[in-house]
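**Q** Following this message is one structure expressed as structure tokens.
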């Protein structure tokens, strides 16, 4: 078992590694301003986000921000607008109104691939592994801007050498990542044969192979058995210590309370409360929204 | 488990499959030719025709496999893109004074121009359709294919396209140009190379076989198409065994997942669609243009052609390049070319004469215990009946072996052997 997540250390964006080295290249005023107010950067800001589907308002003016290097939880009862918020942030839906900023750049309405290429990747509530491709192929797909994604480079004899050498390097990173997630023993099987929990692990591992700055996890623990759940949470903590930022949608209050340092509670499309675990536990509005559910 | 040995062993296996299929076809057609009492030259000519069909089907099926097998792009307008390819190349290369006139450009320009034109039509069709769900692409492509056929068929443009009769005599293929001084006339003075080759084939040739000029030209032209097929195959194998191939597979599997990993799937789909259309154009050029002195007309590009190509791909196995060639060979040889020949042999052997013209005429005598008229009717209509066999086979395949002959193989889309672990890795002992 690997104690050190090799690829993670190499993948960390320089600008979020330590508080002192905050985003040296970006001179965006929003980030600078945020940096002044808090010791860490604010990679993600959601401002007055609104999404209507016909007559239904799924997200109704939600605003929040996520600190760099944090594990932020996003919770709320069913229909609170969590998934729609995720979809608006990642470009799956175009918001009706409001703004999403990532590293000071307005990313509202960008295509999903454009959002992902800026270092903001997501996983899905129902894992979207590529069933008829092997675990290795799934992982190798993820790295951004591979030379061999161009047909010409893949086919032309002289240029293919670069394609091969890059793939050899990536292959190494992929194996390390698979070891980190303990998926290496099933690397060569088709992803469609994996168990629910393994699919979740694969999806997270694959998302990390894009070399992201921030990962949005949409219910990463749904359908995962307790042993794997423990392992997954352990990995998330390790990665977070290495500098990744996580926004974590989860149904299970206890898990969020235990693991997230900052919690955002959504209800009926709005942000109902925000703060640490204790603030949320003692927030009457939250208790009421969860209608008697035990949040203490 | 190095890449080399693994890749090489698969290459050997695949070459074995193709060689086996071709051997089977040659034996079948040798037997059919012998039974029909063909002279040696006739048998050779029928083997040449089978090889030609196998090669042109192979080209078209490979192109469709890139679309449908790899990227999941449901293109049912293959015939249309083939038509654009061959029509454009003929328009570019036909002599200026011919009717309909061409631009008189050299053959390579014609081939490239034809492929480019097919790719451009693909771009026009793909730009709107690829943004939509895959079934809309299917509707769009079949419509485009028919629009192309009707346009070439139309009287309005007949001064450029020849209307319904198309181009009667398309420019001579490269082999004729190489062997004859006047490529448009088979009896013209041969070039020095031509003289040597004709001499060899006719007299001293392969043992006791003597082949005339037309046969020689056809055989060499067919070999040229086989060479093109091998090149296209090699191109596609390299193209899909790469990060590009991985993206295509991911689009086929789950486009949303591919997008969430930063892949600009629209661009990949459009590029791939254009590339496949260009290869379909090339298939069309080889099919109708490579041998030369044949004609090309709009109704050669009815939608059936597209369905034949689809059937061949389903038989061979979508997603496998070798399967595509294999499916093309088996479809063209055994299902398309052989049945009418078998019917002729049976008709002669059974002495069936006066076969009824209609099914009613064939059904009536059955009541009085006479089965011969029905048999005669069936044999007489074998050209149509063979597609019932194809239909039955298709139903069987889709129920019993939907992945076709080779579609079950996991062909990893990678430029390297992904299973090679880095040397510094700690090994895979995971006990949990």
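Quick reminder: no glycine exception, Cβ is built from N, Cα and C everywhere.
Caution: TrEMBL annotation is automatic and unverified by curators.
Keep in mind it's a predicted model, so treat the numbers as computed, not measured.
Pasting the feature list from TrEMBL:
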- B:15-38: transmembrane segment (TRANSMEM)
- B:50-70: transmembrane segment (TRANSMEM)
- B:76-97: transmembrane segment (TRANSMEM)
- B:109-130: transmembrane segment (TRANSMEM)
- B:217-236: transmembrane segment (TRANSMEM)
- B:273-293: transmembrane segment (TRANSMEM)
- B:305-335: transmembrane segment (TRANSMEM)
- B:383-399: transmembrane segment (TRANSMEM)
**Q** Please give the sequence-distant neighbours of the transmembrane segment (B:76-97): residues at least 6 beyond its ends with Cβ less than 8 Å from one of its Cβ atoms.
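**A** Distant contacts of the transmembrane segment (B:76-97): 60, 63-64, 103-107, 109-111, 113-118, 121-122, 125, 138, 140-149, 152, 160-161, 167, 170-171, 277-278, 280-285, 287-289, 296, 298, 300-307, 309-310.
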**Q** Counting Cβ pairs under 8 Å that are 6 or more apart in sequence, does the total for the transmembrane segment (B:15-38) and the transmembrane segment (B:273-293) reach three or more?
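**A** No; fewer than 3 Cβ pairs under 8 Å.
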**Q** Counting Cβ pairs closer than 8 Å, which of B:109-130, B:217-236, B:305-335 has the most of them with the transmembrane segment (B:50-70)?
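**A** It is B:305-335 that shares the most Cβ pairs under 8 Å with the transmembrane segment (B:50-70).
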